[in-house]
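Worksheet for the structure shown next.
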Amino acid sequence: MSMLSTIARSAARVARPATRSLPTASLSLAAARGLHTLPQLDYAYDALEPHISGQIMELHHKKHHQAYVNGLNAAEESYAKAPSPKDQIKLQPALKFNGGGHINHTLFWKNLAPESQGGGQLAQGPLKDALVADFGSVDAFKKKMNTVTAGIQGSGWGWLGYNPETKKLEIVTTANQDPLLSHVPIIGIDIWEHAFYLQYHNVKADYLTAIWNVINFKEAESRFLEASKQ
């Protein structure tokens, strides 16, 4: 079993399937077969407008995510054929980068929902109660999340994660395409330029403000409830 199979299995425990046709353990099963595929979206590319343009979504999904899928498949094939542990170790950066890109984006698409489908709406319930308890208010959480995410130097991800040791929601970041392993991912925000530059140029703050209008809080609450039971 490759290193990415282990990471994918961990992610699959906290991520619901990226498409209706994929089983819960889709990532780990794909890793076992040595073939990963690009998940379909649950909404049209332009469904998140005006907050995220259809052009960005199409390029982000069809080009960038597809590139991670292709890179992961190639890296796992090379890993399986590597003649020595030394050669396998040389491939680990490619496995981590492309595997993390695949895992992170599969989570990210489920993070989002059109306003017409409840995007941006946080109803009364366990997630809202936890955000108030851990951050003081929902607005305070969003402000801190945006500040921490905007402060990432270069490319990376801002995360609302559930800490299984403290039993609290915490804001953490990962660099590049590193997957979140220290916490259970509840909400992830892609701060790579390909996620926003065509629409918001270099103004990260505007992108981070806008994205809350299409955050899928129902999905986030489902992840939170599953994580808190473990």
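Each residue, glycine too, has its Cβ placed from N, Cα and C.
TrEMBL does not curate its annotations; it predicts them automatically.
Feature annotations, reproduced from TrEMBL:
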{"type": "BINDING", "residues": "His60, His105, Asp190, His194", "note": "Mn(2+) binding site"}
{"type": "DOMAIN", "residues": "36-113", "note": "domain 'Manganese/iron superoxide dismutase N-terminal'"}
{"type": "DOMAIN", "residues": "124-223", "note": "domain 'Manganese/iron superoxide dismutase C-terminal'"}
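If you draw a 10 Å sphere around the CB of His194 (Mn(2+) binding site), it holds 14 other CB atoms from the protein chains shown.
Taking the mean position of the Cβ atoms of His60, His105, Asp190, His194 as the Mn(2+) site, the remaining residues of that chain whose Cβ falls within 8 Å of it are His61, His64, His65, Phe108, Trp192, Ala195. Across the range of the domain 'Manganese/iron superoxide dismutase C-terminal' (124-223), the DSSP-based residue counts are 48 helix, 24 strand, 28 coil.
Cβ-based neighbour count (10 Å, all protein chains) for Asp190 (Mn(2+) binding site) stands at 24. Residue counts for the domain 'Manganese/iron superoxide dismutase N-terminal' (36-113) under DSSP, helix first, then strand, then coil, are 59 helix, 1 strand, 18 coil. For His105 (Mn(2+) binding site), other Cβ atoms within 10 Å of its Cβ number 27. In the predicted model, the domain 'Manganese/iron superoxide dismutase N-terminal' (36-113) has a mean pLDDT of 97.
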